[in-house]
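Record features, source TrEMBL:
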{"type": "BINDING", "residues": "Ser72, Asn124, Glu168, Asn175, Tyr199, Tyr251, Val269", "note": "substrate binding site"}
Amino acid sequence: MGGKALIQQVLLVDELEQWVEQYRSKASEGKCASYIPALYRADPNQLGICIIEPTGKMHTAGDWEVPFTMQSISKVISFIAACCYHGIPYVLDRVDVEPTGDAFNSIIRLEMHKPGKPFNPMINAGAITTSSLLPGQTPDHKLRYLYAFFSKITGITPMVNEEVFLSEWENSHRNRALAHYLKDTGYLACEVEEALEVYLTQCSIEVTTEQIALIGLLLALDGFHPLRNEQVLPKDVVRLAKALMLTCGMYDASGKFAANVGLPAKSGVSGGIMTLVPANRKTHSPFQYGCGIGIFGPSIDGCGNSVAGVSLLKHIAQEWDVTIF
Ligand SMILES: NC(=O)CC[C@H](N)C(=O)O
């Protein structure tokens with residue numbers, strides 16, 4: 001690495017460390033998800049970030065190595081996996097691509113809009129439907145397909161946090177209600193309990209910011225894995241997933257996030273945010289060739305998004321001029 005590049009890298013990490021410490025205190029404006037008791041036990045003051053560039057170079061700060069469960073970030077992976085298996089038209093016949101402006105676990109639109117097709121795969125109704133579409137006759141088979149898909153693209157064998165899974169399974173009345181409604185309207189491709197088992201298990205896959213930054217990087221590069229020099233995901237599916245992340249990925253705060261940060265992103269109630277910067281022509285920006293970004297900060301706001309994580313991303317987007325707009 002040349003002297004100038006080395007200095008730039010040191011400055012980036014210094015800046016990141018400084019900003020993480022600056023935004024850590026934002027945690028006090030939210031709290032850890034309490035409807036899943038195992039998530040409520042997290043330390044709300046944690047905040048970490050990992051950024052991966054196409055060269056594989058990583059920039060990290062704060063609590064970036066702390067494992068957490070993917071929760072709703074997994075919705076992006078299961079949607080992509082279902083599209084890869086069935087093709088986009090088959091999946092979009094069963095789940096739409098419209099934002100709702102409602103909470104991630106809201107039921108209201110299913111009955112208000114006949115025939116009850118879920119609005120998008122980034123909210124619970126749509127994600128439970130997509131999980132039911134994964135190939136396989138049993139939850140076990142569907143999950144094995146998803147794990148193999150996850151390993152194929154990331155090179156990582158997924159681990160499920162059983163404690164978080166059980167904690168949510170025992171408290172999943174609202175998701176059960178959604179699944180029963182979807183079964184009644186014919187949108188669920190398997191039995192209610194089976195779809196829930198797949199959906200809640202995928203939410204309980206444990207990752208670190210590094211792993212979601214890597215997935216973000218693959219999305220930034222339209223499915224191309226720069227280190228393996230291989231197209232690991234189809235471009236059209238990835239582009240669709242990014243459009244959904246931008247319009248629906250931060251739930252009923254997706255509009256504000258697009259306005260304030262301007263990057264496709266997906267959050268989860270455990271405090272993770274997976275986002276990305278596509279390659280751009282901004283030669284003054286440190287991420288001209290694109291990057292994947294993983295964030296973890298378990299204190300969340302009323303919409304279910306990491307409070308400190310969103311503030312940190314807003315700051316980064318402004319300082320480094322990385323919006324897609
Ligand atoms: N927003 C989220 O991360 C929600 C995921 C969580 N497992 C749920 O279904 O409620």
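Any Cβ shown, glycine's included, is placed from N, Cα and C.
Just so you know, TrEMBL annotations are computer predictions that nobody has curated.
Locations of recorded TrEMBL features on the structure.
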residue	record	Cβ within 10 Å
Ser72	substrate binding site	26
Asn124	substrate binding site	24
Glu168	substrate binding site	25
Asn175	substrate binding site	22
Tyr199	substrate binding site	28
Tyr251	substrate binding site	26
Val269	substrate binding site	26
When the Cβ positions of the binding-site residues Ser72, Asn124, Asn175, Tyr199, Tyr251, Val269 are compared with the atoms of ligand 1, which fall under 6 Å?
Ser72, Asn124, Asn175, Val269
Quick one: what's DSSP say for Ser72 (substrate binding site), helix, strand or coil?
helix
What span in Å does the substrate site cover, taken as the longest CA to CA distance among Ser72, Asn124, Glu168, Asn175, Tyr199, Tyr251, Val269?
20
